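Annotated features in TrEMBL:
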- 14-148: domain 'EamA' (DOMAIN)
- 161-295: domain 'EamA' (DOMAIN)
- 12-32: transmembrane segment (TRANSMEM)
- 44-63: transmembrane segment (TRANSMEM)
- 75-100: transmembrane segment (TRANSMEM)
- 106-125: transmembrane segment (TRANSMEM)
- 132-152: transmembrane segment (TRANSMEM)
- 164-183: transmembrane segment (TRANSMEM)
- 190-211: transmembrane segment (TRANSMEM)
- 223-242: transmembrane segment (TRANSMEM)
- 249-270: transmembrane segment (TRANSMEM)
- 282-302: transmembrane segment (TRANSMEM)
Amino acid sequence: MDNSEGAAARVRLIGVLFGLSAVVMWALYFVYARQAAQAGLLPIDVIVLRYGVAGLILLPWLLRKGLGDLGGIGWGRGVVLAIIVGPLFLMFGAGGFLFAPLAHGAVIQPSTAALVATAVAILFLGEKLHAARIAGIAMVLGGIALIALAGASASEPDAWKGHLMFMAAGGCWAGFTILLRLWQLGAIAATAVASVLSAVVVVPGVLLFGTFDRLAALPTETLILQIVVHGVMAGVLAMVAYARSVALLGVGSAALFPAVVPAVALIMGIPLAGEVPTAPEWLGALLATTGLAVALGGIPGMRRAGA
């Protein structure tokens, strides 16, 4: 192996490590959002943790880029981003765990996001619906159906409410990714703007009209974990890591990483949330994960076949 090949291999390895780091942090978000619901926290508490901390971390970056035009994004677009991927997104995403278990949210939310984004790209942005994408979409829909059927049992009578909320959260995230493409925005810049604007609204709002009692009642270790996972990891580091993986590996290769988040979240949820998925839930997660990888072009052979 010559120097150029060795350097390319190192770049690929670094890109993979960044991508895997993003996967772990996104999976932890799902696990600890479910754990937050089990601990008695409401969605507004998770929203405060996410945007209060992330907004504080990202504010210096935004100030350096220029607050007058929100780092070049503009106030109009910034407000739209904050509405789509700010408190509304977490109200649905975290709120769904009040009704449905980890296995359902970790599969339905990212699957819906991928399906909605794909549909919009095909219908309005001119992307082609090739055979691999059709197969992937079919597998994702099959996986969601299995999860929904598993939640229709007597033990989860209200799971359908969580399913609808997870779908709404997935729709919000799809809207965010579509706007990034339409407006040609950097993911980190858009995240910074959405987080800071959300923090400006949410934190004073809770101070005036809400309460921090539920957060204050948590054991110190639990509170710190929730802050780190939601505010630091999911709110900042996961997006930075994924953006780096895209830059180093390319969009096509990096697309595989979000696709494996559901499976990783389910595995991590066994020791961390104490939830063991049922056989139909495992099968649904496997089907949806494989479908996401195929539909997003994360499997090279399938990507070539569908090109």
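Glycine residues also receive a Cβ, built from the backbone N, Cα and C atoms like all the rest.
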What are the helix, strand and coil residue counts for the domain 'EamA' (161-295) according to DSSP? 117 helix, 0 strand, 18 coil
Please tell me whether the transmembrane segment (75-100) and the transmembrane segment (190-211) touch - that is, whether there are at least 3 C-beta pairs under 8 Å between them, with each pair 6 or more apart in sequence. yes
Taking contact to mean 3 or more CB pairs closer than 8 A (sequence separation of 6 or more), are the transmembrane segment (223-242) and the transmembrane segment (12-32) in contact? yes
Are the transmembrane segment (132-152) and the transmembrane segment (106-125) close, by which I mean at least 3 Cβ pairs under 8 Å that are 6+ residues apart in sequence? yes
Checking 44-63, 106-125, 190-211, 249-270 against the transmembrane segment (12-32) for Cβ pairs under 8 Å, the most are found for 249-270
Spatial neighbours of the transmembrane segment (249-270) not adjacent in sequence (6+ beyond its ends, CB under 8 Å) are 12, 15-16, 19-20, 22-24, 26-28, 30-31, 34, 102-103, 106-107, 110-111, 114, 242, 276-277, 281-282, 285-286, 288-289, 292-293, 296-299, 303
Same-chain residues near the transmembrane segment (164-183), Cβ under 8 Å, at least 6 residues beyond its ends: 73, 77, 80-81, 84-85, 88-90, 92-93, 95-96, 99-100, 104-105, 108-117, 120-121, 125, 190, 194
